């Protein structure tokens, strides 16, 4: 018998064994177990290393393959070219003659009935296993590859479409195991970015296409095999330096689907050596199935996303169509909420076109409440869109010269991405510009642009209808004015009622019934009793503002006050409804602020346990003080009323009272509580009522910031002597300081909530600044918008000079239970300082 003397390398190269095995592996996936050649290969891979009776495995393997081949021939199933070639090679190796029809002849000739043929088979097995260990290794690797490919194919058909990350983890783990790599990273191609997903929970990285080794593979389609990464100039050493990982060898290869690169696999650090050509060939076979697997999931998830987005779109359009066109602010608010939800953005601003002034005006700009921002058409991002009528999709706001960072500084915010688009009416004229800020995940895509364009068509119709309604109403009012003048009457419009008059504000039975239908959710009932409750979600700029009334009621009930002082629920509800109506729609001192102060007092008294320092009755009056302490605040401070000589200012000056607003709040509180339908003191005794009014007036007057230092110094002196709960004066001063702490407590709340309060306060300062200019009185520098400091700086000044010293005196002296609020304050200070430092670097 002729013995093959070729070296393993010669044998593999000349017989194209790797090609044959790859072809056979394809048959394993598609036809197993009907394929005799695949069965032969899989059985051969079970053969142990030489010296362990290897030939005993070869003969039954060949017999099994021969039987299967005969069955296929008899059934008329044709053999593939790969099967024919492999059998011919095996037959040649074992010196078995092959006729014209190689497959037929070989399979018929493979009979092991005579001893001579069995000996030849054993000799051939010895040649394969003794002289060709590399061949044996390849066969074992082939089996491993087959198993891995089957696993990927199985993952492709069984993994849930909502768990693509899990699928990618499976693929990466499979690739790492298949090639004996220490680590594997998959970069998914996402438009102009590569999104990495690293195995073993190492995280995610986004890089531009064309960056690094993976980017080179995407650009060229060529694989990269690096033996020593640190010696290669294309390798970014900073990644290793940042992560603490040492990269030695790298194999970076494309993963394709129908000829297009859908991902790049980057395998790091071959265990026990470097990546070889065999590894490259093995991964090519693996990547075929990986590409199908990844792309199929991407396509299916994209289809699901489109379906969900369509459902959201329809829901949003339904809401928009049901919004009252008689209220432009409601239309604008609904458009803003809709766009934010639709595009999954952090925030959105709607600028309406004011043709007469050639400006854009923002009706609803922040969650803190209704504000007004004016921008000249042609200036900034929104102004540029209004001038040119073309959308703008900005990936990096600070890199765009049209973007002004001043707004970020003033509002304590960082803008990253912007999508701005014009909104047209039926005549194709620009009526508004929407500016969407900060996509929650990544940047705004072409699909986002298309979706916003569709939505803008409907938004334009809604805005046009609202403006048309305003025009009709305004025209009607003007016509009525002319009619009244012709009849010798006065103007048609009646001025707002006196600030100290509740006539018409007491809710009717119908109005009360409407409020009683508002049911709080379990989550609302729980959240409102914690420090994480966000009152901005219930501001007058939202659709939820009416829910503040049942939230007030819930606080009083949770504190046990309604039962303790026998307050009828309908009386309590009317009281809160009247309070809500009497608080004005100003940026900061609104009913939202009153609720925030009252909710904070609840936390102080009933969650932290500070009520033990007072009597139960004093705690009750303190809660009522929180509700009433800023009622009918005009958004203008005491100084303005004196300088501008407003009626309140003149009255206070004549009476010698310096606390203009605080006296006004006390007067209104007394008037409101004097209305029988709203008298929550109705079941108190005469002496209790007398004490209630004394405490209420003392608490409210203490909120005058002009008396801030006096009260803090008195409290400090009292606490140093020792707080005595049995001393009424000590308790009275303690109540006043608790209300003062709650009044400026917004800086002690979680940062995101605190920041919105800072924005609201700043907006109200600017409103007063404009009023000072209009009335030509002395200007307050900090209230002038063009000179105002940025938000971070103003908040740090307020905290360091007002809040922190007072809170420290209260906590260190008497109210140790409030320490968590001081901890949050310190955390917020650190964040403001970091933001201020960041903005300084940007300016530099």
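Even glycines carry a Cβ here, placed using N, Cα and C.
TrEMBL: automatically predicted annotations, no manual curation.
Because the structure is a prediction, the values reported are computed rather than measured.
Listed features, source TrEMBL:
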{"type": "ACT_SITE", "residues": "589", "note": "active site, proton donor"}
{"type": "BINDING", "residues": "589, 590, 591, 592, 593, 630, 743, 795", "note": "AMP binding site"}
{"type": "BINDING", "residues": "593, 629, 630, 743", "note": "Zn(2+) 1 binding site"}
{"type": "BINDING", "residues": "630", "note": "Zn(2+) 2 binding site"}
{"type": "DOMAIN", "residues": "511-839", "note": "domain 'PDEase'"}
CA pair residue 630 (AMP binding site) / residue 589 (active site, proton donor), Å rounded to integer, equals 7
Proximal but sequence-remote residues of the same chain as residue 629 (Zn(2+) 1 binding site) (Cβ under 8 Å, at least 6 apart): 594, 597, 665, 699, 700, 703, 739, 743
Long-range same-chain neighbours of residue 591 (AMP binding site), Cβ under 8 Å, sequence gap at least 6? 540, 545, 548, 579, 580, 583
Other than 593, 629, 630, 743, which residues of the same chain sit close to Zn(2+) 1? List them in sequence order, counting a residue when its Cβ is within 8 Å of the Cβ centroid of the site. 589, 594, 597, 626, 633, 703
Would you identify the secondary structure of residue 590 (AMP binding site) according to DSSP, in three states? coil
Counting every protein chain shown, other Cβ atoms within 10 Å of the Cβ of residue 592 (AMP binding site) number 26
Using a 10 Å cut-off on Cβ-Cβ distances across all protein chains shown, tell me which of the binding-site residues (630, 743) has the largest neighbour count. 630
Among the AMP-binding set 589, 590, 591, 592, 593, 630, 743, 795, as the record gives it, the longest Cα-Cα distance in Å: 22
Proximal but sequence-remote residues of the same chain as the residue listed as 'active site, proton donor' (Cβ under 8 Å, at least 6 apart): 583, 630, 633, 635, 764
Around the Cβ of residue 593 (AMP binding site), the count of other Cβ atoms that are within 10 Å: 25
Taking the Cβ of residue 795 (AMP binding site) as the reference point, list residues of the same chain whose Cβ is under 8 angstroms away and which are at least six residues distant in sequence. 412, 747, 754, 758, 828, 832
Roughly where does the domain 'PDEase' (511-839) sit in mean pLDDT, to the nearest integer? 91
